[in-house]
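Structure first, commentary second.
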Amino acid sequence: MSAAEEDLIDYSDEELATTEAPAPAAGANGGVKGDSGNLTVSGNAAAAKKGSYVGIHSTGFREFLLKPELLRAISWCGFEHPSEVQQVCIPQAILGTDVLCQAKSGLGKTAVFVLTTLQQVEVVAGETSVLVMCHTRELAYQIRNEYQRFCHFMPDVKIGVFYGGVPISKDVEVLKNPETHPHIIVGTPGRLNALVRDKYLRLNSVKVFVLDECDKMLDQIDMRRDVQEIFRATPPQKQVMMFSATLSQEVRPICKKFMQNPLEIYIDNETKLTLYGLQQYYIKLEEREKNRRLNELLDELSFNQVIIFVKSTVRATELDKLLRECNFPSVAIHSGVSQEERIKRFNDFKDFNKRICVATDVFGRGIDVNKINLAINYDLPPDADSYLHRVGRAGRFGTKGLAISFVSNEADQEVLKAVEKRFEVALPEYPEGGVDSAAYTKTD
């Protein structure tokens, strides 16, 4: 096959680790965008500064004047009222405004760009109207599934997902046939850049360009380079939207280089991004005590589903094996598993066939499994933002949840201090008598 197959970038867990502060992005099509006209939203409308934009707080999705097919799908999916980020974003986004949005995990950011792009998509055979990029295969797969749910009553719209780990020939076959060529493409930067470079994918008809978990993609030099190359292959005039739960002051100017006078939305102050229904604790212990303490927690806690984060693929494999030997219904998801097997395991977990998932940070961002109400940091992440994304897997969409972090060395203690400082919270030690299940389980 082409050179694309040989040097296809597949971002591993190690490559997804936090890097140094990035250098400014190189000039892309459209040039460097100015800040004039930027609109900022605070989660507290009363605290919004003079001149800031206060969103249209709708009582229902119908006020957004969406297509009837979309309104039917929203109702069919069981949604009644938009979240705060949806109330603020969607009315402006469907008008073609560039959007830079930070909102806490679990508040419906994905639905913002899915609904907006389905509202705007142009169905032309053999042409791609919408391009969505994210940093992991699992997240791409999940976003594709969200598109399929919301376009249930739009049968003419074709959705495609492209990522590494599967033969590129399958992607080429889909793209070459006008009957199967997707109008909306979701994918990872490495595979998409390979397809663009070898001219299998042409992006000259793209009207909307979306980055989900944008800080992660623009914070890594290799991934940012891929994003820039793909961006240059799209028309200068297009809508650009970027979303994440964490947008540092350093990464925001880089994001805005891709945009023209974006609507900037920061739901809640950036220092207060933890979820309201999420109870958070830490446990001090020795490294050798982790397995025993984990077993005790899994026995005593009343969880629906739990995700356990570790720092490497080897530890994920070994811990999963240990849990299964102890008769816990566990599955491991990390970059050391083939793509086909990863998707199978992800579906097993999401479909509630498995209640325990051991994962690396490849599963730490954007993955949405509604039944997770317990997140355990078996190994703490290296920084505060990664901590937020991890614990955000529990207690999504305002539901209750519990997060417990093991602290076994000085480095862990420093991370804990960084979390408390960054998000202005005081994380208590896990109580000797445990936690009342009513604090982290849904009550009817």
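Note that Cβ sites are derived from N, Cα and C of the backbone, with glycine treated the same way.
Under the heading ATP binding site, Swiss-Prot lists A103, K104, S105, G106, L107, G108, K109, T110, citing sequence analysis as support.
Swiss-Prot lists 90-265 with the feature domain 'Helicase ATP-binding', giving sequence analysis as the kind of evidence.
The average pLDDT computed for the domain 'Helicase C-terminal' (277-438) is 87. Look at Swiss-Prot and you will find 277-438 tagged as domain 'Helicase C-terminal', backed by sequence analysis.
For the motif 'Q motif' (59-87), the list of distant contacts is 43, 94, 101, 103, 107-109, 111-112, 115, 118-119, 149-154, 265, 267, 397: same-chain residues at least six beyond its ends, Cβ to Cβ under 8 Å. What Swiss-Prot records for 59-87 is motif 'Q motif'.
Residues annotated as motif 'DECD box' in Swiss-Prot: 212-215.
Annotation for the binding-site residues S105, T110: lowest Cβ count within 10 Å of the residue's own Cβ, T110.
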